[in-house]
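Input: a single structure, listed below in structure tokens.
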Amino acid sequence: MKLSRQFTVFGSAIFCVVIFSLYLMLDRGHLDYPRNPRREGSFPQGQLSMLQEKIDHLERLLAENNEIISNIRDSVINLSESVEDGPKSSQSNFSQGAGSHLLPSQLSLSVDTADCLFASQSGSHNSDVQMLDVYSLISFDNPDGGVWKQGFDITYESNEWDTEPLQVFVVPHSHNDPGWLKTFNDYFRDKTQYIFNNMVLKLKEDSRRKFIWSEISYLSKWWDIIDIQKKDAVKSLIENGQLEIVTGGWVMPDEATPHYFALIDQLIEGHQWLENNIGVKPRSGWAIDPFGHSPTMAYLLNRAGLSHMLIQRVHYAVKKHFALHKTLEFFWRQNWDLGSVTDILCHMMPFYSYDIPHTCGPDPKICCQFDFKRLPGGRFGCPWGVPPETIHPGNVQSRARMLLDQYRKKSKLFRTKVLLAPLGDDFRYCEYTEWDLQFKNYQQLFDYMNSQSKFKVKIQFGTLSDFFDALDKADETQRDKGQSMFPVLSGDFFTYADRDDHYWSGYFTSRPFYKRMDRIMESHLRAAEILYYFALRQAHKYKINKFLSSSLYTALTEARRNLGLFQHHDAITGTAKDWVVVDYGTRLFHSLMVLEKIIGNSAFLLILKDKLTYDSYSPDTFLEMDLKQKSQDSLPQKNIIRLSAEPRYLVVYNPLEQDRISLVSVYVSSPTVQVFSASGKPVEVQVSAVWDTANTISETAYEISFRAHIPPLGLKVYKILESASSNSHLADYVLYKNKVEDSGIFTIKNMINTEEGITLENSFVLLRFDQTGLMKQMMTKEDGKHHEVNVQFSWYGTTIKRDKSGAYLFLPDGNAKPYVYTTPPFVRVTHGRIYSEVTCFFDHVTHRVRLYHIQGIEGQSVEVSNIVDIRKVYNREIAMKISSDIKSQNRFYTDLNGYQIQPRMTLSKLPLQANVYPMTTMAYIQDAKHRLTLLSAQSLGVSSLNSGQIEVIMDRRLMQDDNRGLEQGIQDNKITANLFRILLEKRSAVNTEEEKKSVSYPSLLSHITSSLMNHPVIPMANKFSSPTLELQGEFSPLQSSLPCDIHLVNLRTIQSKVGNGHSNEAALILHRKGFDCRFSSKGTGLFCSTTQGKILVQKLLNKFIVESLTPSSLSLMHSPPGTQNISEINLSPMEISTFRIQLR
């Protein structure tokens, strides 16, 4: 009876809610379209536009109604479950925390139990080689290996090739950094253009000659200045197999610090350029210079349709171990792959470098003699003291034997009789003389070797795919028996060391200012891409020529290319010359400005009530983002919105595919402010001081903050005005160890001598701080438990040995020393209705911890912001350490490229710097009961050197070069903003065996918190108050949120096949994230559910009709056979899938 009575009451409530909701929606329909006498002059046109909008609006109401019914159904299910579970305290979630915003109860998280199976199954249990195990096996003792210093002596029997000859492919290449010691443009002007020009001439001279090229950024720059004859010559060289484009990305990217969004984007940019200009599809990957290698890159290449890849920079001890076991060629499989769908055949180069002395065989003294650019009389020789000799009939026999001996020895490290011998180095084949020296001397050696049947060798120039095709053929017999001769490997190749204890973990943090700028650029680019495509389709629909004919798409293309260029392994890494860094920064800065314009223009068109009036507005009326950066090396500053009694529009964009309630903060000119929703409802506002200095309040600016509920990928309109009847809430301040002379309108309490503790709380957590303003403890309200979460700062110095830390290397002088201050820091505590925070001011870092009073995702984590300034220190690195009571032992977890989680072990047999790993978006530690996650809005180096600790290196200033070619230290430090979130989650019980798995997944809450932080809402104001301007209340392009575990990576307008303009198609890129279900999903405030990766196309969009949707390979290079329109999207966990979509 009790149950049925509850259902009766609940059913009645639902009926009322539905009726009231429908009434409100219909009422809002009228409110949205008031009569406007201004339109009477062009009545028919305006009326048509409005009629179309009304039809769209009714469709949306219908969709919303369906969504409400769906949510009610879920709520009934949830209610019945909660009744069966017994009564729950209604106070548990909402008992404390001033002003927490309650969410509608029907919008609770619903996870399909089938979606939990993936993470609960162990990943990659069928790998032959698991990198975590390899690190346990290797002793890392580094004995002298003889001529191959880091290896061992290689021997062979002369009859080993009697039955099957050795097949050698010599692959000429030139490694062209798009910026390092010179800028991209300077390298092109001085070197690269000559390589291309000579390539066309010299390859045509002899059809046996081959060459490979990787960086499309350079190829495209050259293509723009050459004539049609040269273009045809290049196409013909590719067609006859003499020239191969390898990888085909815009650059050869770093693999530690970039986010997968940018890795994919530069791959698409390169592949699209190749398709539109040359019509070629790369087959093999070539990564000889990135400083360590990520399985994320292997996955992306596989999904782009490449079948093979090559890597070079791997820890010398790992190379030796692989050489001993002949595992240098392997199928690289993702840790999470339960089958073999992600396998890609990978060749690891065995020796120290990709240069010629280290690629023909184990003895560099001999191999150097076969680099014919080093002949006597040239600009540089062989450091081993024996120069090359020009090949002639008198020495060809002895030289051929010497070279063949090296090839044979090298081949002993592999499982087949097919051998790769790269022939190149940085910016090689620049002079036409080198083409002659290398190709003519080698051809004489080849001709001689091939003529001697006793040598049992077949040798030739080849492309990378020539080599891999032969390798596949050698494995064919084994594969036909159902078992390849190559092992399966899972894991990654960080952290890289090229010799001794020289670990390349410094660059994980080097120049963090630009690492942060990179992520802001990514967020802006993605936001601009999505809004631009929606606006483009509406502009087509309403024939808005001003938008269609604008240069926005050209600017968008340039922004993609500038972001792509920055993913280069000497750019985002922070390992280029100072002026080259300025060049990269300037490119990013200019593109940021342009993207803000694209976002503003696109949003304006989409939110404009009468689309046909778009052409009549000047650009000054368009929406302007609230953040402005003055120069490439300064932090963004907020614009001040000038208020008056005349309302100003404030448009807020949610670039995420999830419905969200987020804080919106803008600066205004007056504290007496009112904010109204589009329907005229007043919005609760917190007014906070804008601080000109640590203890000086601005007299001209005030910060207003309010909660905004914004639809997925949508725009929400608010009105702000100055008003004496303001209902805003002023923040209160408590100051420790300092005081404010003029507090203005704010209540400020000065605490000079007090031992009183500092606390912050909301409805989820209570934080305790010490007198210095540093967090000491977190209490989770869900269970009332206190947890040690202790934040400290510390310094690393550099070793007293000859080799010291530099841009690449981290060589510390032992453990970090605590950050010591002479006078206690000034601490400022803010208590507000929307957020509260503690800010403490140290000499080198301004540290802010903030809690949001938002009942939802934003309220469950702790936001940490550090403004770091180490411009005056000498050979030091500053770190933030979080110490907790979590019993994590020596195990911790870091993400790879924001795509997947890689378990790590802190190994005592390795030096401290070897235990530092790259973190792109998150790192966590855990025990059987809890997980502590540090979410990051920028790539940095991270470690867990002791149980319960996470330490992140935030900036480094180093006075010397580390002897890796840069020839300078890092002394161009900026005032740098680092942004983090700390999330403490309760885990369901797990057994200890599960903790040893080679795979781990974040929780859904962690995933979405990371997305919220990396893709914040974007507030925009119209530049000038315009009384005649009318905007819709909102623009909501999706029918509902995408499933919780599906992320819209991009909606990227595809370039037209003719010219540089846009086509009508876009690349829809979706990522289904793997997540761990063993975390509480109650009260998370997620406005979505999971659907086993299924999305019905007809239920996807609201304002648009999907004209076509077809599957594609990741970078649009390939379409599956028999491709046709699909009506349902099906994504498997962890997969990133691209579709060609056309909307109208």
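In case you wondered, yes, glycine gets a Cβ from its N, Cα and C as well.
These figures come from a predicted structure and were not determined experimentally.
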His175, Asp177, Asp289 bind Zn(2+) per Swiss-Prot; candidate in His524, His540, His569 listed for that same site: His569
Candidate set Asn1125, Asn1130, annotation N-linked glycosylation site, source Swiss-Prot, matching residue: Asn1125
Least surrounded among the binding-site residues, given as Asp177, Asp289, when other CB atoms within 10 Å are counted: Asp289
Asn1125 (N-linked glycosylation site) versus Asp177 (Zn(2+) binding site) - Cα distance in angstrom: 41
Residues close to Zn(2+) site centre defined by His175, Asp177, Asp289, His569, Cβ within 8 Å: Asn176, Trp180, Met252, Ile288, Pro290, Asp426, His568, Asp570
Distance from His569 (Zn(2+) binding site) back to Asn1125 (N-linked glycosylation site), taken between C-alpha atoms, in Å: 39
Most crowded position, judged by CB atoms within 10 A, among His175, His569, Asn1125 as recorded positions: His569
Confidence summary for the topological domain 'Lumenal' (27-1144), mean pLDDT rounded: 92
